[in-house]
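Below you'll find the structure I mean.
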Amino acid sequence: MAAGKYRILFAALIIALCWTSAVFTVKLLQENCDFKKPYLLTYLHELALLAAAVPLAAYGQGRRLWAASRPLLCRGWGMGLLAFGANISFTAALVLTTASSAMTLEQLTPVFIAGLSFFCLRERYRPCQLFWLVVAIAGSVVTARSDLKECHSGACDGSQPLLGDLLVVVTCITAALYMVLFKLIFAHGCDWQTFFTYFMVKGMAVAVVGGLGLLFLPSSQLGLPKGAKGWYYLSLNMILNICFNLSLAWGMLVVSPLACRLFVLLGLPLSLLLDSALGIAIVFQRVLGVFLVTLGVAGFEAATGAKSERSERGERGDLEIENVSDARDEAEAECITSPHIADIAVEVSEDTTSQSQETGTCASSSSSQDGPKKAQAVSSSILCMLATSICLGGFIAASVGG
């Protein structure tokens, strides 16, 4: 139990740190390098994630890569386009409104996740869990009100804050739908190779469809940042975005989508510490909001842990009762069937002969399967080359306007 708690705590800290750092580097690109191209930046994020997933998905699989990726083709393409739309809307919102306002309003995503999880995943929440969820959301609202006062005082750097807030709400809905569907796809978990194969298929979908979208963008929205500082911020942002996407997906395999999304709320205390380190003035209302957010997330996790412990105890009690009843049934069955032991021995001998015949047929059919295995090996290598070429081609197409 302690190891599981430490693993959840580690996932929460990694998700919050990567998310806060990724948003902060986006604002650095916009303010210091004048790189305000949300569609292109989101497309580069997906290309970087694809480039990181291809070698990890291909490692150790060989000829099995194509067979492992075929069941994920339709799901990966649909999920990729859904995630691409959510990322575009949020990146565009960062251009139109402040980073603090966008980060705060996005915390309404747990509300949509809770509703979708109730209907799709059949999750049920205790009153104490809902109470701490309301506390966390209330902290987000308090922080948003403090940012709204800064906008009215002239400290807002967003050009159209109302439109930016609307795009953040769109991000909340699409992100909630993505996380719930991801949990449905991997309801029983997966190994690490299937994990990266999913991101490879998802990245290929975004690379193809998003690359077609580049053809319709104006020239002002194309081109990579110029100068060493711009390339440094862009590279750092892409690395942090890769870490955030992978850590968020891994967290959804460990805990529920709602708990995993609440981990992102811990980015608000980190952003508060970052602003204080940079010398930015912090009002009391923002400190109060961050405190409520942290308290709500911690309380929700504690209530979830207590609920899981009670359910485990109930399952253990039911299992002990079933074991006792099964033992009694077996004893009675032995007493009843003891005169027919010879018949059972005959049946066992017949089963062994039939199994030996099946092994012989399997050995004879293994030679006929060498042809399909070779075809799978060729198709797997072609799939890796196609994903790599799509990634490189998309990166070159993105830099045409530079």
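Placement of Cβ uses the backbone N, Cα and C atoms for every residue, glycine included.
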In TrEMBL, which of the ranges 6-30, 231-255 has the transmembrane segment annotation?
231-255
At a C-beta cut-off of under 8 Å, are there same-chain residues at least 6 beyond the transmembrane segment (262-282) that contact it? List them, or none.
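Sequence-distant neighbours of the transmembrane segment (262-282): 11-13, 15-17, 19-20, 23-24, 99-100, 103-104, 106-107, 109-110, 133, 136, 139-140, 143, 248, 251, 289-290, 293-294, 296-297, 300-301.
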Which bits of the chain, at least 6 residues beyond where the transmembrane segment (128-146) starts or stops, bring a Cβ under 8 A of a Cβ in it?
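Cβ under 8 Å, 6 or more out: 100-101, 104-105, 107-108, 110-111, 114, 258, 262, 265, 268, 283, 285-286, 288-300, 302-304, 307.
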Does the transmembrane segment (166-186) make contact with the transmembrane segment (40-60) through 3 or more Cβ pairs under 8 Å, each pair 6 or more apart in sequence?
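Checked: the transmembrane segment (166-186) vs the transmembrane segment (40-60), no contact.
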